[in-house]
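The annotation FAD binding site is assigned in Swiss-Prot to G11, G12, G13, L14, A15, G16 on the grounds of sequence analysis.
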Amino acid sequence: MTALTSAAIVGGGLAGCECARKLARAGIAVTLFEMKPHSFSPAHSSPELGELVCSNSLRSDEPEAGVGVLKQEMRALGSLVMEVAEATRVPAGKALAVDRGLFAASMTAAMEAEPGITLIRREITSLDDPALQGFDAVVIAAGPVASESLSRSLADAVGATHLYFYDAIAPIISADSVNMEKAFWGSRYRPEDTDYLNCPMNREEYFAFREALVEGEKAATKDFEKELHFEGCMPIEALAERGEMTLAFGPFKPVGLDDPRTGRRPFAVVQLRTENLNKTMFNLVGCQTKLKYGEQDRIFRMIPGLEDAEFVRYGSVHRNTYVNAPQVLNGDQSLKNRPDVFLAGQITGVEGYVESAANGMWLGMMLAARKHGENIPQPPVECALGALAAHLRTPVKKFQPSNINFGLTPELNQRARKKDRKALYAERARENFTQWYALLPASARS
């Protein structure tokens, strides 16, 4: 095992920034390459690092949710993303939502201020780019929409064809364009909350909207790409095509959202989530889409209260690129045929911002240990971080990206009612993580 003194990281997203700080604080000289603002992916528009596409991208903060458990583990391990998220948090019920602009600006400031990190605004187009020569390790953390040239280089290196699916982004509208005579505030079973704005639908309005979604014109995909949808990012029109009531029993379910004007539960409810601290923008919850922009104007304005909606950002679709991790990556996330090149974040096959950040942090911990010739034991599969790591190591017939969920962990060794199982999984995860954490060298705990 060769000690590391220098590393290049390609990509200033959550995974790249997490990895960079871990390495820098271990005394490793880090050069962080970010192609923005000279070049942008289809999913990004800000020159800042750590750009999120949605204020609620960090998802649930409940201690018994899989992603909530992962966040707890990340906080214990000194996660940069968790620190910045807490500092830029906005009210969102049980979710960890942030002011996206403040979050990205804070991530950028953290990288620029960290001793040992040199930020270079330059696009890396190949694993053999001259700018990457001379480093002890190269980390590719270019995200799910890596540039075509870098993706081709990576495909050549792993010797396998990339797999593609589409992440669909929900529209954002201006708050002052919402008709408040039709919308009402409240979270499920918590009518006093002002984290969500709700647009109630009657039966006729729901079915007319659902029909418009099904018939709406969608953005075209490239001929050479096969379209696959990850369940967690299913476009709303794809859900609508599954059945007449799929939306009403899914993202538009009215449970716990009685209309205070009528005292009755609507047939369906479209929720709007605040996008920033000032509540000047709202995200249409569950309305991620690949409808053409003109169709978004027409169809989403069919929602009661949104007849005059002003779109701050339209929904869109972007490619997600990832490798078949069990086949092409070693346990330390290095390429099997290029052991000096490591992958981090969503390109490995973890799915989601929190998961990508955790993966980058974990890679940073493993590489930082090499500075002192140490080994860090793999986290137990019963905890969230270990379950994600095991997902990338476990050979399967058809490898697909995965969020953190308790289904990635072993079955419970006891019988339990369905409503109690999450709590038991979460408690087991905490116990196993605590035992593993005690084995870590002090340098790996911060």
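Glycine is no exception: its Cβ is also placed from the backbone N, Cα and C atoms.
Cβ proximity to the FAD site centre (mean Cβ of G11, G12, G13, L14, A15, G16, cutoff 8 Å) flags the following additional same-chain residues: I9, C17, E18, C19, L49, G50, A141, A142, G143, A344, G345, S356, G360. G11 (FAD binding site) is surrounded by 27 other CB atoms, counting those within 10 A of its CB over all protein chains shown.
Residue density at G12 (FAD binding site): 28 other Cβ atoms are found within 10 A of its Cβ, drawing on all protein chains shown.
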